[in-house]
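Report on one structure; see the data block that follows.
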Amino acid sequence: MRVAVLGAGAWGTALAVAAAQRHEVLLWARDAAQAEAMRTARRNTRYLPDAAWPDALQVSSDAAAAVAHARRGGLVVIGTPMSALRSTLMSLDAGCRVFWLCKGFEAATGLLGHQIAAQVQPDMAAGVLSGPSFAQEVAAGLPTALVAASPDPALADAAVEAFHHGALRVYTSPDPIGVEVGGAVKNVLAIATGIADGLGLGLNARAALITRGLAEMTRLGVALGAQPATFMGLAGLGDLVLTATGDLSRNRRVGLLLAQGQSLADTLATLGHVAEGVYSAATVVATAQRLNVEMPLTFAVQDVLTGRLSPRAAVGQLMQREARSEVF
Ligand SMILES: NC(=O)c1ccc[n+]([C@@H]2O[C@H](COP(=O)([O-])OP(=O)(O)OC[C@H]3O[C@@H](n4cnc5c(N)ncnc54)[C@H](O)[C@@H]3O)[C@@H](O)[C@H]2O)c1
Ligand SMILES: O=P(O)(O)OC[C@H](O)CO
């Protein structure tokens, strides 16, 4: 299979390296100088420096060439941040088969990836590839399980053909809504656990945050039309546990730094990578308000991100909530 990966950040590069063990892969970087540097070094020194590239991985800053590489039976994989998903989809045509890797809501519209694709490319075979997966671990060849979600089972099978090999397992799912809500909300909840851990609130608090966070995520997802079981899977519980507890997470790191008293602007300036939860939190709050879904942890994170509450005040507010039944 011919695979084009659009976007040469940490995750796009890691999956390009993985796919190039068996397929002809073309990685597109928007910056010509970055593409040239990667072509020379045979690695992505800026975003994923430890992974050497297989021979079957080529790089280009020519977007049209990348798309042409994967037309007619190939697969286009969009590895940009959420903010660039719409423009990248617009650069494609309905002849492409597409998966995106980004996890979040589009800040300007509040839409998930599958809704953006339905607007921009209604006839395109499209899906989302998600699950608990730090780029560095995939690049190091460590065992990882992903989920490919699409209403089109043949397309989900194409993601399996592209990536299910060696240390990578790819499961399929017919529920892109659930998979996308899981990926977006877990990022916000990872900021919450980073804050709790940064404040030294302990392991009991972390476990409570993950469990009650899963309840929030599930409530929102079901209200948006997702299948409840999806949230017990890789894109829900799996990615929430990874991102909330793993120090490789950029979203968790944001929470840790905010708890130390660092400003959000300084935190983002030092991160060097995208932390999607920062940009999705407002949409999750607005959507929960619109659908009358209770999401106290997410609301607290947004209060900290906007500066309305300090991390410690947000925790105090959460602890004063009324007792309630645990049932979702
Ligand atoms: N890093 C991971 O471990 C990981 C794992 C799973 C999913 N994701 C998701 O994948 C997406 C990308 O994350 P990442 O870690 O690769 O990000 P990153 O911060 O490492 O890199 C972002 C890349 O996107 C490029 N980019 C930004 N705006 C662009 C635009 N308008 N057009 C083209 N390229 C653009 C940047 O140049 C950079 O190469 C995010 O939504 C993230 O949540 C990341
Ligand atoms: O580093 P984060 O917080 O963006 O998380 C990366 C992946 O989404 C984990 O699955």
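Backbone N, Cα and C define each Cβ position, glycine as well.
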Co-listed NADPH-binding residue [TrEMBL; alongside Trp11, Arg30, Tyr47, Lys103, Arg250, Val274, Glu276] among Ala135, Ala223, Ala226, Ala300: Ala135
Residue counts (helix, strand, coil, in that order) that DSSP gives for the domain 'Glycerol-3-phosphate dehydrogenase NAD-dependent C-terminal' (175-315): 110 helix, 0 strand, 31 coil
Span of Trp11, Arg30, Tyr47, Lys103, Ala135, Arg250, Val274, Glu276 around NADPH - largest C-alpha separation, Å: 22
Integer Cα-Cα distance in angstrom, Ser249 (sn-glycerol 3-phosphate binding site) to Ala135 (NADPH binding site): 10
Neighbourhood of Lys103 (NADPH binding site), C-beta criterion under 8 angstroms, separation at least six: Met82, Ser130, Glu180, Gly183, Ala184, Lys186, Asn187, Asp239, Glu276
